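The feature signal peptide is assigned by TrEMBL to 1-26. Summarising the annotation, TrEMBL assigns domain 'GH16' to 25-226. The annotation active site, nucleophile is assigned in TrEMBL to GLU111. According to TrEMBL, the active site, proton donor annotation covers GLU115. Annotation source TrEMBL lists compositional bias 'Basic residues' at 315-329.
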Amino acid sequence: MALLLPLLSYCFLMLISIISPPVTYAFNVSTLSFDDAYSPLFGDGNLIRSSDGKSVRLLLDRFTGSGFISSDLYNHGLFSASIKLPSDYTAGIVVAFYTSNGDIFEKTHDELDFEFLGNIEGKEWRVQTNVYGNGSVSRGREERYLLWFDPSREFHQYSILWTEKNIIFYIDEVPIREVVRSEAMGGDYPSKPMSLYATIWDGSSWATSGGRYKVDYKYAPFVSEFKDLVIQGCAVDPIQQIPTSSPNCHQPSAAEDEDYAVVTPERRLAMRKFRQKYMTYSYCYDVLRYPVPPPECVLIPSEQRRFKETGHLKFGSHHHHGKSKRRSRIPSSSDGQSAM
Ligand SMILES: *[C@@H]1O[C@H](CO)[C@@H](O)[C@H](O)[C@H]1NC(C)=O
Ligand SMILES: *[C@@H]1O[C@H](CO)[C@@H](O)[C@H](O)[C@H]1NC(C)=O
């Protein structure tokens, strides 16, 4: 009898893993263990490594959030992780997966963000991407989306590709956003080495409906999980910008020759479809903020018609209230990581 229960639950777990298909990894890249490439950033007690070192959980409780940072800085690369977000009541919670050099270049920092914004029970998570170049925090380049799946149910792969020529945000194998570098962007295009960060924190004052819904610690701890950690890039010394030893660094062009740096016609179609269906805000259509859209904006008339002059979608119930604000992702840090 004593054996039966564990056996049954084992069978049950096996059954579950057969039923839910594994998320196939979109790119041919090798993963890194946590200890090989990352260090705790804050809230150490709420950062829980798996015994094999291949995955890590970041918790938020009433005392602190938590986060980790790559041990090196990289000049360009593919930064990727499979992430599973907290479920149920997640209002006010922010999970962020991003590259930044704000700790080193306080006034001229670069940043590329995936930010996951929690929601009240029964409503879906929303995702924001953002691009900052050379400290232009007044020129946030936010886009917001809904997802075609529930990101708290299973792992999905989120990737940030940054090359000298373009930036692509991927969810699984779908490119959801591409920023093509142009002369006109100048310093607004991120150009200095960045670290990779992952954090969970209390964004009560703005994350859900502009702060209307706060984190409810009755449901704590809130658990986010990260695995399949990928960094394909060239580790460099941030000041001298010379390469340090890095197994995945294929000089000189590194990431830009890789398959994932190219938006093939097939990928472009998938991106177009995603944006038509799931994008709920774009700074490019926010004429109140940008009477003249920034130079990298590609305005698509059929798409533009669906957005108000605030940059928010005209129809549908997914409106976001409140003003955009910069908030620190790391409550104790003063350099103020970005967020809208
Ligand atoms: C994946 O990459 C490795 C090494 O970079 C290469 O040897 C292998 O052939 C690649 N596999 C596929 C399916 O492209
Ligand atoms: C970044 O900003 C600094 C300070 O404003 C400026 O001196 C520098 O030229 C800028 N870099 C680029 C690449 O525009």
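Just so you know, glycine gets a Cβ as well, placed from its N, Cα and C.
Keep in mind that TrEMBL annotations are predicted by a computer and have not been checked by a curator.
Across the residues of the domain 'GH16' (25-226), the predicted structure has a mean pLDDT of 94. If you draw a 10 Å sphere around the CB of GLU115 (active site, proton donor), it holds 24 other CB atoms from the protein chains shown. Within 10 Å of the C-beta of GLU111 (active site, nucleophile) there are 22 other C-beta atoms, taking all protein chains into account.
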